[in-house]
Amino acid sequence: MDDTVLDDIIKKLVSAKNGRTTKQVHLTEADIRQLCTSAKEIFLSQPNLLELEAPIKICGDVHGQFSDLLRLFEYGGYPPEANYLFLGDYVDRGKQSIETICLLLAYKIKYKENFFLLRGNHECASINRIYGFYDECKRRYNVRLWKTFTDCFNCLPVAALVDEKILCMHGGLSPELKNLDQIRNIARPIDVPDHGLLCDLLWADPDKDLEGWGENDRGVSFTFGADKVVEFLEHHDLDLICRAHQVVEDGYEFFAKRKLVTVFSAPNYCGEFDNAGAMMSVDDSLTCSFQILKSSDKKGKVGFGNNSSRPGTPPHKGGKN
């Protein structure tokens, strides 16, 4: 993709910030198609289980909350100032899914060795057909463009390993996951199936009231207890599982005695939850700290916080995402 065109797209998107809101950015359909095609080639050229190095900043669900994505970058540093890993769910629910995914794809193309995107359960045609992305594409462009995004999403990697110690994915563990080569060997492009390893990596949830595996209230995949987290980490000589997929009040929440963390990066999710958003910073020594993007309060103030020593709390089962 032409560097000048790419830089122009990034500049347009980043400069959309208008006080506390972001204005709609109209990119040409041709430019968006080019973003999808170029990003797809890069996704397929890199492994399905990315092997990354710290320092890196890890972000959870963004869900079309474009102004909050820009706030994350303002706080963490716009690429290439920092390395980033996003854990999926870029589209649906929020008002600006197109701007959100286009900026993320543009950064992936420009900084392919420093900026990484995993697949979430909403990067799937059968889900984003229902929860807003299809309608946004159809209203602002056309259904063909939605199909182009689908082709791109079907090539996204599904997990990442940071310094061989922190395993990251959107959803969680799978009863089918015995070794990490199984993730490396998932063929792409692929649609998300209704069950099995790929489905679980994108859909599973931890459950503090459970031992072993349980039924998931979502009607898809499983829930897993702290025992399964400990067993998996010990077997693979890992320190931590980092995942997203659930709204948590403080933007991050520990589980299984700090062996698993949920990171959620869309504050005031859907305008319905009063949650904060968080970004997890992993430094060279693999120490994790959390930068908090507070939900704007009634007076419209925006707050930031930094916390690296919160006591662990189990994932909250309220909001589903």
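Glycine residues also receive a Cβ, built from the backbone N, Cα and C atoms like all the rest.
What Swiss-Prot says about this one:
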ACT_SITE  H122  active site, proton donor
BINDING   D61, H63, D89  Mn(2+) 1 binding site
BINDING   D89, N121, H170, H245  Mn(2+) 2 binding site
REGION    298-321  region 'Disordered'
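One residue stands out among the binding-site residues H63, H170 for having the most other Cβ atoms within 10 Å of its Cβ: H63.
Cα to Cα, H122 (active site, proton donor) and D89 (Mn(2+) 1 binding site) are separated by 5 Å. Counting every protein chain shown, the number of other Cβ atoms lying within 10 Å of the Cβ of H122 (active site, proton donor) is 27.
Sequence-distant neighbours of N121 (Mn(2+) 2 binding site) (same chain, 6+ residues apart, CB-CB distance under 8 A): G88, D89, I127, H170, G171, V192, L202, W203, V220, H245.
In the shown protein chains, 30 other C-beta atoms lie within 10 A of the C-beta of D61 (Mn(2+) 1 binding site).
Neighbour density for D89 (Mn(2+) 1 binding site): within 10 A of its CB lie 29 other CB atoms from the protein chains shown.
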